[in-house]
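Lifted from Swiss-Prot, the feature list:
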type	residues	note
TOPO_DOM	1-14	topological domain 'Mitochondrial intermembrane'
TRANSMEM	15-45	transmembrane segment
TOPO_DOM	46-59	topological domain 'Mitochondrial matrix'
TRANSMEM	60-87	transmembrane segment
TOPO_DOM	88-227	topological domain 'Mitochondrial intermembrane'
BINDING	H161, C196, C200, M207	Cu cation A1 binding site
BINDING	C196, E198, C200, H204	Cu cation A2 binding site
BINDING	E198	Mg(2+) binding site
Amino acid sequence: MAYPFQLGLQDATSPIMEELMNFHDHTLMIVFLISSLVLYIISLMLTTKLTHTSTMDAQEVETIWTILPAVILILIALPSLRILYMMDEINNPVLTVKTMGHQWYWSYEYTDYEDLCFDSYMIPTNDLKPGELRLLEVDNRVVLPMELPIRMLISSEDVLHSWAVPSLGLKTDAIPGRLNQATVTSNRPGLYYGQCSEICGSNHSFMPIVLEMVPLKNFENWSASMI
C-alpha cells in the first residue's frame, strides 16, 4: 500500500507489477539519457562560438537523427507489447470473480460457487477501529487464494467506474453493458488496497477496494463459512 510522502511506486505483489516496474525503470533510463544529451548540446551551443551556420545540407546528420529515434522507439515498444500480451493472457484460472461497479460501492460474485456473493461498502470514518485506514476500509473484503491465477470479470450497473489495485498492477475499466477481464496473481499473502479510478459521481472517492490474499486452505475455510 501507499505511505505518506511516498514518491515511488507501491511494492510489487504480482508478476505483472514486477514487469511494469522493470519497464518503468527501463523507459526512465532512456528518457534520462536523451534529456542529458539534449542538455549537453544546448550547453555547447550557449557556451561555444556557433559554426556551420550557413550549412544547407547534412545528410549524415539527418540519417542519424532519423534512425536513432526509430531504434529508441523500438527498444521501448517491444517490452511494452510483451507486457500488454502478458496482461491479456489468462491460462487456466482456478477461480473466477465477477465484479460490478455501482454508485458508490462494489459487488462481487464468485461464479464457481452457487450462492457466494456480497456487496462491499466503505466503512465510514466514525466507525473505524484503531489502526484501520480512512477511506480505504470496507465491510466485506474480497478474499482470494494467493499464488494462483484468478480471473476477474469487471463491469458496471450504472456509470463508468474503474477497478484498480496498484500493488497488483491492476486497473480495468468497468463499463455498463461490457465485460472486461483481468488476471490477479499474488506472490504473497496480505491486504491490498485500491480505489475506483474513474470519476463516477459525487461519492467517487468513497469506493475503496480491499483484497485479502490468503493460502488456499484458508480460502477454502472462508468460502465454506460464507455459503
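Cβ from N, Cα, C; glycine included.
A quick note: this is a predicted structure, and the numbers were derived from the prediction, not measured.
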Three states by DSSP: which one describes H204 (Cu cation A2 binding site)?
helix
For the C-alpha pair, I'd like the distance in angstrom between H204 (Cu cation A2 binding site) and C196 (Cu cation A1 binding site), rounded off.
7
Give me the mean pLDDT over the topological domain 'Mitochondrial matrix' (46-59), rounded to a whole number.
72
Check: same-chain CB within 8 A of Cu cation A2 site center, minus C196, E198, C200, H204:
G101, W104, V159, L160, H161, S162, S197, I199, G201, M207
On the DSSP side of things, how many residues of the topological domain 'Mitochondrial intermembrane' (1-14) fall into helix, strand and coil, could you say?
0 helix, 0 strand, 14 coil
From the centroid of the CB atoms of H161, C196, C200, M207, the recorded Cu cation A1 site, which same-chain residues not already listed sit within 8 A by their CB, in sequence order?
G101, Q103, W104, W106, S162, A174, Q195, S197, E198, G201, H204
Which whole-number value in Å describes the distance between the Cα atoms of H161 (Cu cation A1 binding site) and E198 (Cu cation A2 binding site)?
5
Secondary structure tally of the topological domain 'Mitochondrial intermembrane' (88-227) (DSSP, helix then strand then coil)
21 helix, 61 strand, 58 coil
Based on Cβ atoms within 10 Å, give me the single least packed residue among the binding-site residues H161, H204.
H204
If you count the other CB atoms within 10 A of the CB of M207 (Cu cation A1 binding site), including all protein chains displayed, you should get 27
Starting from each candidate's C-beta and looking 10 angstroms out, tell me which of the binding-site residues C196, C200 has the most other C-beta atoms.
C196
Between the C-alpha atoms of E198 (Cu cation A2 binding site) and M207 (Cu cation A1 binding site), the distance in angstrom, to the nearest integer, is 10
E198 (Cu cation A2 binding site), Cβ-centred 10 Å count of other Cβ atoms over all protein chains shown, is 18
Which sequence positions outside the topological domain 'Mitochondrial intermembrane' (1-14), separated from its termini by at least 6 residues, show Cβ-Cβ distances below 8 Å to it?
20-21, 24, 133, 136, 166-170, 184-188, 190-193, 213
